[in-house]
Amino acid sequence: MDARGGGGRPGDSPGATPAPGPPPPPPPPAPPQPQPPPAPPPNPTTPSHPESADEPGPRSRLCSRDSSCTPGAAKGGANGECGRGEPQCSPEGPARGPKVSFSCRGAASGPAAAEEAGSEEAGPAGEPRGSQASFLQRQFGALLQPGVNKFSLRMFGSQKAVEREQERVKSAGAWIIHPYSDFRFYWDFTMLLFMVGNLIIIPVGITFFKDETTAPWIVFNVVSDTFFLMDLVLNFRTGIVIEDNTEIILDPEKIKKKYLRTWFVVDFVSSIPVDYIFLIVEKGIDSEVYKTARALRIVRFTKILSLLRLLRLSRLIRYIHQWEEIFHMTYDLASAVMRICNLISMMLLLCHWDGCLQFLVPMLQDFPSDCWVSINNMVNHSWSELYSFALFKAMSHMLCIGYGRQAPESMTDIWLTMLSMIVGATCYAMFIGHATALIQSLDSSRRQYQEKYKQVEQYMSFHKLPADFRQKIHDYYEHRYQGKMFDEDSILGELNGPLREEIVNFNCRKLVASMPLFANADPNFVTAMLTKLKFEVFQPGDYIIREGTIGKKMYFIQHGVVSVLTKGNKEMKLSDGSYFGEICLLTRGRRTASVRADTYCRLYSLSVDNFNEVLEEYPMMRRAFETVAIDRLDRIGKKNSILLHKVQHDLSSGVFNNQENAIIQEIVKYDREMVQQAELGQRVGLFPPPPPPQVTSAIATLQQAVAMSFCPQVARPLVGPLALGSPRLVRRAPPGPLPPAASPGPPAASPPAAPSSPRAPRTSPYGVPGSPATRVGPALPARRLSRASRPLSASQPSLPHGAPAPSPAASARPASSSTPRLGPAPTTRTAAPSPDRRDSASPGAASGLDPLDSARSRLSSNL
């Protein structure tokens, strides 16, 4: 047979000679099957093994293993050749598809072939012998291996690691049980039930029941002892977890040696069927000896006290703790519940044992006259009444609250009482210690805050600070940490980048939602900004920014109200979602206004270095900031050569395309028009005396740059100079026609412009229609303000959401210029509104008219 036939290999029989003569004739075809092709001539290098044609070889055995192949198709030539025939299918058995039959002849040689032939013998029905047994073995073997579930993935890290652990179990040997397998889980749970039953029932049975030969008692002992003996055997085949390095031992020899050195003796002694020995020996014991032999029942009770049972209970508690983690329970809650349950269970179990011991000792002494049972005449009472009195006596001793109904009189009772007190005091101290540690661990952040504040109090006492200073420090800590202290930088620093960004975005979600700059910007830009923010808290009266100092930070208001103050005693309120101090991040100049906290303020600060670092990755945002800042400085008569040189260099080098330059110019134009509109709104007598027009902030208009940089398609122009498709930037058209006075073009006459002061501030308070700063007048009551109309910045309040953006053609204002006019407004425009105008304004506000339209109406009536 050649090597392809599988019946033999060259070199199997070195002494054989090639078969001479012509090739043998092909075998006769079988009647029910098609004729197989003729066999090829024998290979001269292959030795011939003439055997019986009816003896199947390895290939024929392989063929006969499938019930769909006929045995007749597996026969080959006379010299052991193999030929491939047509697919042969048998109508009997389940449909498995056509099988390709091999015509083989010749016996296999060698031990490997014999082993293969022996393992592939077919049964009478064509199925391999032992296939059903192999299936059951595979299923049971899977129970002995760790499954792919949440617990195993958490323990081993990945599915591939679990598969490697499964291969370890397979290679360790037959019937090796993994400690994290499903079989061990169910077995430990079953042993828990038997263990609890033994810990509770056996002491009661030994102490309060005299007849131990009843059927229920025998059945309970037989079943429990059988399971304990089975557990003893399974412990030799169960892997051992090394707690130090989390290694799992699966080698049978190592498991046996370690188990024999540790808990085998205790487990073996506790699993001996002592009750069976009592039943056998009791038949040959007379009544006089039986009384002394009854003391042997203590052996059964000592088995309950085996440390192995308590160790299994603690192991089950660890399993429960792991299950609670799998079911997404919090760590503190799970550990607290399990520790409390363990302590309560141990206390109750010890009280139960002590109560049984209080009655067991007098019973072994045949109830002497000075024992508590004889004194109370309770010898013949029911076992439930005796157990209740004994348990009450034991708990009184263990809790150190008394001696029970009467003090001990006999020496035995005295020693039992002292033993109960010692055990009870120890358990009570352990319970108090664990409970105290448990309470502290449940609120470690509050405990850390209290420890920190104690140091602060000692510091204040050492420096003898006044009482008002101490109260301010106390209030600061209360509002800054709110009774809990965390090392937030350390916690966030230990997380990976994506998770840290998600947490920062979640913590600042209210800030992002309340700021148009963040709400319309690129998410990557917003994330980069948020990760640089630092949380700060200021008390009422604290000056967050002082005028004349160098600007190193800008602030975003999360909660609170601040006042922006200038040397001209002008004041403007900023609240949640506003920000201030932004221009100094670009110019690195000095502050032009002071900012004071009116309430407790929770702010996020951004340093100039971090801000510039973020802008390095977004040049479009930097260019927009710089261009608007230059235009604002030019309008107040100031220049910054560094910013001017950078912008001119960008224009000359062509860094930005025409579309981006057009967007930036539109932002500058929109910024100018917002300043002029704010100036116009302040000259309607809403905020007497009329403040000078101020310069807007770059950040208030950068939301449009962000939106257009990522969405160049500009929405249809509505009313304002620039309207984007963003829902936060669209200015809706007014519901009614504009007043007649608001005609296109500048007014016929404009007031003379006052000379601008060289010390005009770069960040000064002013208001626009709809901002809190301009709604304090009698014409627009403050109670009709909406939160959406709050100012966005210390230097640029925002228009109210939903209000129409005024355009140069639709606004009655003087002609625009690069530098706004400064100085007082004409007296005709600052006159106090008449009662008629006030009455006319109220219905408009009540009917839903926009505040900006109301201001325009009053302005037209003045004109």
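Heads up, the Cβ atoms here are built off N, Cα and C, so glycines get one too.
Quick caveat, the model's predicted, so the values are computed rather than measured.
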Can you check which of Ser119, Ser287, Ser653, Ser857 Swiss-Prot annotates as phosphoserine? Ser119
Looking at Ser750, Ser807, which is the one Swiss-Prot tags with phosphoserine? Ser750
According to Swiss-Prot, phosphoserine sits on which of Ser726, Ser771? Ser726
In terms of membrane topology from Swiss-Prot, Arg339 and Ser410: same side, yes or no? no
Among the residues Ser764, Ser842, which does Swiss-Prot list with the feature phosphoserine? Ser842
Which value does the mean pLDDT take for the region 'Involved in subunit assembly' (131-182) in this predicted structure? 80
Given a Cβ distance threshold of under 8 angstroms, which distant residues of the chain, six or more beyond its ends, lie next to the transmembrane segment (214-234)? 177, 187, 190-191, 194, 197-198, 201, 205, 264, 267-268, 270-271, 273, 275-276, 279
Which residue counts does DSSP give the topological domain 'Extracellular' (409-413) for helix, strand and coil? 3 helix, 0 strand, 2 coil
Residues of the parent chain within Cβ reach of the topological domain 'Extracellular' (409-413), under 8 Å, 6 or more residues beyond its termini: 361-362, 365, 368, 370-372, 375
Candidates Ser134, Gly581, Cys584 (recorded positions); min other-Cβ count within 10 Å returns Ser134
Which of Asn380, Thr592, all recorded positions, has a Cβ with the fewest other Cβ atoms inside 10 Å: Asn380
For Glu582 (3',5'-cyclic AMP binding site), list the number of other Cβ atoms lying within 10 Å of its Cβ atom. 26
Cα-Cα, Ser641 (phosphoserine) versus Cys584 (3',5'-cyclic AMP binding site), nearest Å, comes out at 15
For a quick check of understanding: among the recorded positions Arg591, Ser641, which residue's Cβ has the most other Cβ atoms within 10 Å? Arg591
Please report how many Å separate the Cα atom of Cys584 (3',5'-cyclic AMP binding site) from that of Asn380 (N-linked glycosylation site), as a whole number. 96
